[in-house]
Amino acid sequence: MSDPFDLPFFDEPGGEPAAPKPAARPPERSAGGGIAARAMAARGGQTQAPDYLSGLNPEQRLAVETTEGPVLVLAGAGTGKTRVLTTRIAHILATGRAYPSQILAVTFTNKAAREMKSRIGVLVGEAVEGMPWLGTFHSIGVKLLRRHAELAGLKSSFTILDTDDVIRLIKQLIQAEGLDDKRWPARTFANMIDGWKNKGYGPKDIPEGDARSFANGKGRELFQAYQDRLQTLNACDFGDLLCLPIRMFREHPDVLAEYHRKFKYILVDEYQDTNTAQYMWLRLLAQRPKSRHDTAPQGGANRPSDRSDAPAQASAGRRDAAVSEKEPQQINICCVGDDDQSIYGWRGAEVDNILRFEKDFPGAAVIRLERNYRSTAHILGTASHLIAHNEGRLGKTLFTEHARPDDSKVMVHAAWDSEEEARAVGETIEQLQRPDENNRRHNLNDMAILVRASFQMREFEDRFVTLGLNYRVIGGPRFYERQEIRDAMAYFRVVAQPADDLAFERIVNTPKRGLGETTIRQLHDIARARGVPMLNAAEDIVETEELKPKPRASLRNVVENFRRWQKMLDNTPHTELAEIIFEESGYTDMWKNDRSAEAPGRLENLKELIRSMEEYESLRSFLEHVALVMDAEQNAEQDAVNIMTLHSAKGLEFETVFLPGWEEGLFPHQRSLDEGGRSGLEEERRLAYVGVTRAKRNLHIWFVSNRRIHGLWQSTIPSRFLDELPEAHVEVEESGSSYGGYGGAFAPGRGGNYGGGAGRQNPYGASRFDNVGSGSFSNTYATPGWARAQANKTSATDRNWGTRSGAGVERIGYGETDSLRGAGRGSVKGRTIEGELVAKSVADTPSAFSVGDRVFHQKFGNGNVAAIEGNKLTIDFDKAGQKRVLDGFVTGV
DNA sequence: GCCTTGAGGTTTTTT
DNA sequence: ACCTCAAGGC
């Protein structure tokens, strides 16, 4: 309880919170219509609370009603975060504190924005349509830029490039510099640029070291060249959508002041995911200058150009004036987030932003939501215990008031390999889907498989196809990233924005028109030399003799097509135009004539594309949408199991959740450990926490002993996170029998991948199952090294799992000691972590081997020990290269 | 200019 | 194991 990070305000969980500060000053607008009257009533007391407040618990209600001043809502998983946000907005609107257009509500993903919009719609009806400033950071950035494009050096018709465009563009630049694009991959540089922009850096701001590390030290020049190129293309990338508004606000305080006047309330969702640029963006908008002069209106010219926020009532103008003249506006920013769910550090998110909130906004109210409405006590207990291993938390503990005795514990299962894992999960799903004795059955929609890395999905998909089990992959290969869709979009882009050279280049020879590299290069050169778009260059060059007759005719045809389509743009329904373009360009024919297996699907996707265009009023607005929203709506019609990554699962919940692949190297992911060290590990742990907290009633965690990585079979060891699960809430599956027959998976030598029939040793040390069954596998225990290891065993010996044949997995017992990481390293201040479930991934005892030892491994052959970490050995094998294995797997030679 | 073949790199997560 | 890219033949 005595958490050092505990913040002063709310130290009695569940108790009646005292207001941190006067909830608010009296409402600024007095009198007036019914809305204000309702507001007064709402403020007056609980008795007359409006409906929308009635279902809230005290903490939620406080978060909703503390409308004035800075507020940080720390909302644990499943504590009604979205509800608080949406109700808060409804409350602000209903009490007349602001008009819909005066609320800036930022989310991180499009999904979240949609969700919020629809839920606000439920609360306030039509009024939600008047909220133009509800959206993602990026979409709001676009809106700002379109409006003030000239201040950012763009024309308001600018194009937004996606990752693919960016990489192609950078590649051109690298080649133009005469650099080897193999040694300096465009993708790498694109990532670097993205990283810089996440920090708000322009070419001049990047650290010298960064600049030197790429392109023979020309990183900075290349970055600058890239920005220049974007400007000539009248284009910007994703990062610019954040950086350019920031720059604009800094360089044009008058414009910033406009928005200071405009936005009365700022709300930020998933604050823990904001990166430095987003943080600066928010600070600029939220932090009003102290001096009154800065906020004072500077004349009509600076008024926001859209007047949608100018209420019709005469009182409105008065109110506006009153606010800005009487007192400097205070900062009404409300950030909602959960430090324990910060999982985007790898792309620049700064958990620190949320940890620092109170310093940034002095006097901020901090409200914790810890009452969980989603999961069983077992699941919450598991999640809390797991996340308690992290340092640097603000500290929250979820609780539920709805523990039921018959809730099932969190299940941990083992499988031989990933195929087995998929098969077993499939069987479990089928079992759940079958009607039970009460004739109730689980919907597939209520189940989800959450994987660490997308390559894990394939195995499940394969299995489900075989079983005929419906599934849907969420966030997988994105609709708008498919080749045919991108081609189609490129056609549209050239039609709508004739200067879009990247799009032009993409499709000028798709389908094949005999316009190869040579022709393109010529076009390029002319366009560059004359400073005109390539389409114009093409238009001119076909009138000359410079091209050979064939390409010349072909190119003329292309140009004529585009000119014709451009003329049709304004007087032809855009879906119709799209079909015409596909037909006349020969694009549909191209796929019709394609004999490959994917071709029909691609044609189908093109139809789907046209269908999805119907919702938009014009081709332009459609393009705008697509640039920002790379995912297409999924049809939730059909009952299907959900498969997705842990990252894309954030914010969702399911009755039953499967978490496969809890193995060292995969989860926690090796790369996170390598690149992020301790904080990388903590982020992985938060990811595990996110995964666990997605489950409402049932949670199944899996790990396998063998996994194919980069096409090679690797033996794996259970994730350390398994060590960190609390015994009290977790049950290890005893045997395969309960799910009928996959227990045989543990038979030695199965699958032929494993060096003949010698079988597999128990990687977790000896267990009482080691002597069960026939003993061909046991010979390895006779080695001297093993004997020594045995002799050194401590109480930890008892906590081991067997994975022997037929037995599946069984928990044998628990050590009485604390977790090796909990108490041993004191990873959590002032908190004892007890009763952990143990699947040893790191031995308490030193390895029986030492660096340099010559060893033999059943599968990899002979090698030398290169490094030792606990019981994990890094071995340079003569044939197989360097591998990490458990010492139990090798024998001294 | 286009297509086939072979080599080499690659796979965490995404607005 | 898979995909992308370059080289070489047509």
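Note: Cβ is positioned from N, Cα and C throughout, glycine not excepted.
Among the ranges A:1-33, A:199-231, A:661-693, A:793-825, the stretch that TrEMBL annotates as region 'Disordered' is A:1-33.
The average per-residue pLDDT of the prediction over the domain 'UvrD-like helicase ATP-binding' (A:54-376) is 84, rounded to a whole number. Secondary structure at A:Lys81 (ATP binding site), as computed by DSSP, is helix.
Counting only residues at least six positions away in the same chain, the Cβ atoms of A:Val73, A:Ala75, A:Asp269, A:Val336, A:Asp338, A:Leu369 sit under 8 Å from the Cβ of A:Lys81 (ATP binding site). Long-range Cβ proximity for A:Gly76 (ATP binding site), meaning a same-chain Cβ under 8 A and a gap of 6 or more residues, is found for A:Asp338, A:Asp340, A:Arg368, A:Leu369, A:Glu370, A:Asn372, A:Lys396, A:Leu398. When secondary structure is read from DSSP and collapsed to three states, A:Gly76 (ATP binding site) falls in the coil class. Counting Cβ atoms from all protein chains shown, A:Ala75 (ATP binding site) has 28 others lying within 10 Å of its own Cβ. A:Thr82 (ATP binding site): 16 other CB atoms within 10 A of its CB, across all protein chains.
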